[in-house]
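Working notes for the structure below.
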Amino acid sequence: MASVAVSTPLKSHKGLFSSRTAGGRMPLTPSPRQRANTTTVPVKNSSPFTPERQSGREVSRPSKSVYGGNLSSHFAKSSSRTSHRDSPKSNIARGVATPRKALELGVSDFTLVGTGNTKTPASAKSKKAPLRQKTNKTTLTYAADRFIPNRSNSSAIANVGSGKLDAHDKQRPKSSGTEASTVLSSATDDAIAALEGLSINDDEATSYSRPSPNTVAYQDSLANACGVNLNTRILQFKPAPPESSKPIDLRQQYNRPLKQASSSSAQFRRRIATAPERVLDAPGLIDDYYLNLLDWSSNNQVAIGLERNVYVWSADEGSVSCLLESSPDTYISSVKWSDDGAYVGVGLGSGEVQIWDVAEGMKIRSMFGHDTRVGVMGWNKHILSTGARSGLVYNHDVRIAEHKVAELVSHTSEVCGLEWRSDGAQLATGGNDNLVSIWDARSLAVPKFTKTNHKAAVKALSWCPWNMNLLATGGGSYDRHIHFWNTTSGARVNSIDTGSQVTSLRWSTSYREIVSSSGFPDNSLSIWSYPTLVRNVEIPAHESRVLHSCLSPDGQMLATAAADESLKFWKVFEKKAGAAAGVGASGSSGKAEMAKQMTIR
Amino acid sequence: MAPAAAEKEKDKSKVHKLSLKGSAKLVAEFFQYSIHTILFQRGVYPAEDFTAVKKYGLNMLVSSDDQVKAYIKKIMSQLDKWMQHGKISKLVIVVTDKDTGEHVERWQFDVQIFNNPKSKKSKSTAAADQENNTPSASNTASPDPSKTEPEIQAEIAALFRQITASVTFLPQLAGDCTFNVLVYADADSDVPVEWGDSDAKEIVNGERVQLRGFSTSSHRVETLVSYRLGE
């Protein structure tokens, strides 16, 4: 009967005080010993102990006032524990003891909070009284300072500084929570206020008060500084510092492995064939960095300019045909397939640009305008952009008689790199003047961005296929860098120091990788992961510098032409067996459709 | 004996004592590298933007980002002028939290100029400084107060090592940070438009650590870093 009445209030209290009373399970199967203990202890405990503890806490509170809340919870825990001990108790003794306990607990807790609220201010007040005396002492020391005006000006200032610094030192402990110091500091604040009432300039005083020295040496230097300070001004370089290109997590920086992930990622790296699939002779290939003599069409034909001839090699059939031979007074300086793979643009040393229909094997038209050699070309649908040695870039609309539709003036030296973005909205050009110009197709009067980071001619340009805004550019022998640009913001996103002349860059269409071909001294192909910029593989490709490279329409094969007069094919981006070349096929069909719409007169 | 001593003296004078101008240049150069180093060490700009350059016998990391380079160059061009004229008493690099605008770290370089490097006074100060800062130099107990260039370089290298090592005790900088350069200049110095008066950007209740310094025949540079205490 009594036990039932007792147990319910107990549970409710458990819930109230803390979750640790989950240990209340223990008493459900109490050992006889425990029982013996509990019976003896709580009986003594029940009423006399709790008040004692309370009083003890009251005593301790003034020093630990901050922890008042914690203490009460501590108490709650301890008290709830005692209540467990009660629960297994037997019969009348328990019946009497526990309700009393509960009552006391409730009361005591409330009184705890109550006294906490009421008593702390009281104690603070009571403490303040003696402390005031202390403040008198401190003000006395400051009062001593007040007599200083008799001394020389500078020493007075120095003293004021140190006095204030003391104040700061005293203020600091305030945060640690001892009441005495807070009062002290408030007193010192008063003192400072009084000091500021002196004839010392407010500004100076504040500037002195800021540094709180840790060392005597510093105080000395501060005093020295104070002497100087009177006639110095603090100047700030006002322009805002440039934004960092990306958020930085220092932890990541600290944990960066010395060898950039290359060793760790070795097991994840894919295998790349380092031997060429096929080697062709390219006799008479002009060893000139500024020309662009190799291109692979969407119809899987490779065009290469060898001195005065353009040869077309069909990758499907393996057959070679000579498309054209220029007049003896000039040479081929660039070749470029139209997007549909039906026509090839041919730039000549004379500045003439010819367009040839490859299937028919006949010239369709010649376009004049440049008076220097045309070293680079790029198609954007019906627009053929040509870059010349003069530094000028012309846009030709190949459908109309008045073919020159735009003149892009930016470079002051030979243009050797030119690449349209796949959507035709932006054009990137690079020149021998070390500039990279990024043009907006809608306004070609001035480049949208002109980048001067490269320290040598920029021939290698490549637009990222999966991120329209990403452009990679590679510099010549004195530069050796690949820079990556956000062409919307103009920011440089990343850079690689390749260690050798960058002659061409090609993004993979299927991997997050970019391949760079290099001239002196490596004559190699390097495949870089992006954006980690880890060099996955370096293939010693040619005996002399690699001049040109181009990707096959399916994106798997890279063709390279080098000064050793050879044309090599590398399966660097081999697709996995499962993944069909869907992208390349759809792309070429789309181009074929577009070709029907274009007629070249 | 006497002629030999004279010759020795002559030799010493050949050991390239830095003129005031040269010393100012050296200090300004030191400032430039310290700005780069702090920007790198404290992650104000991404680590990829920095390239290692051999300097002071160390691999110094220098930003290769054009905008940052141009920004520091602009600061340095003015700083050079001020240094040449002895107008500067402090250079301060303040690292500020971009989001809260709170100053989280403050690198202060105190510059002291010895006005008459030839006189005995400067000798004594230099000796005292040596006592404080370069035990190796004081061990040699050289009567000549002017240090050789390699000695100065070694002092600077030791200071940069300390700055680099300071990342171990400086609190982690959370979030994006930016920086400002302050200069304590004489009131009568010429101030170009890019520079304007500012407060000291002190760190409230910051912790301070005095780092090494270095001295040339005509300058003495002390380093102090203060930072906000982590809660």
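Including glycine, each Cβ sits where the backbone N, Cα and C put it.
The annotation compositional bias 'Polar residues' is assigned in TrEMBL to A:1-10 (among others).
Positions annotated as compositional bias 'Polar residues' by TrEMBL: A:31-53 (among others).
Under the heading compositional bias 'Polar residues', TrEMBL lists A:70-81 (among others).
Here TrEMBL flags A:174-184 (among others) as compositional bias 'Polar residues'.
What TrEMBL lists as domain 'CDC20/Fizzy WD40' is A:280-570.
Positions annotated as region 'Disordered' by TrEMBL: A:1-98 (among others).
The annotation region 'Disordered' is assigned in TrEMBL to A:112-133 (among others).
Annotation comment: TrEMBL describes A:153-184 (among others) as region 'Disordered'.
Each residue in the repeat 'WD' (A:325-366) has a pLDDT score, and their mean in this model is 92. TrEMBL lists A:325-366 (among others) with the feature repeat 'WD'.
Marked as repeat 'WD' by TrEMBL: A:408-443 (among others). Using a Cβ-Cβ cut-off under 8 Å and counting only residues 6 or more beyond its ends in the same chain, the repeat 'WD' (A:408-443) has close neighbours at 289-292, 372, 375-381, 383, 385-395, 449-463, 465, 468, 471, 473, 475, 479, 483, 485, 487, 490.
Across the repeat 'WD' (A:539-572), DSSP classifies residues as 0 helix, 18 strand, 16 coil. Per TrEMBL, the feature repeat 'WD' maps to A:539-572 (among others).
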Residues in the repeat 'WD' (A:408-443) grouped by DSSP into helix, strand and remaining coil: 0 helix, 20 strand, 16 coil
Write out how many residues of the repeat 'WD' (A:325-366) are helix, how many strand and how many coil, based on DSSP. 0 helix, 23 strand, 19 coil
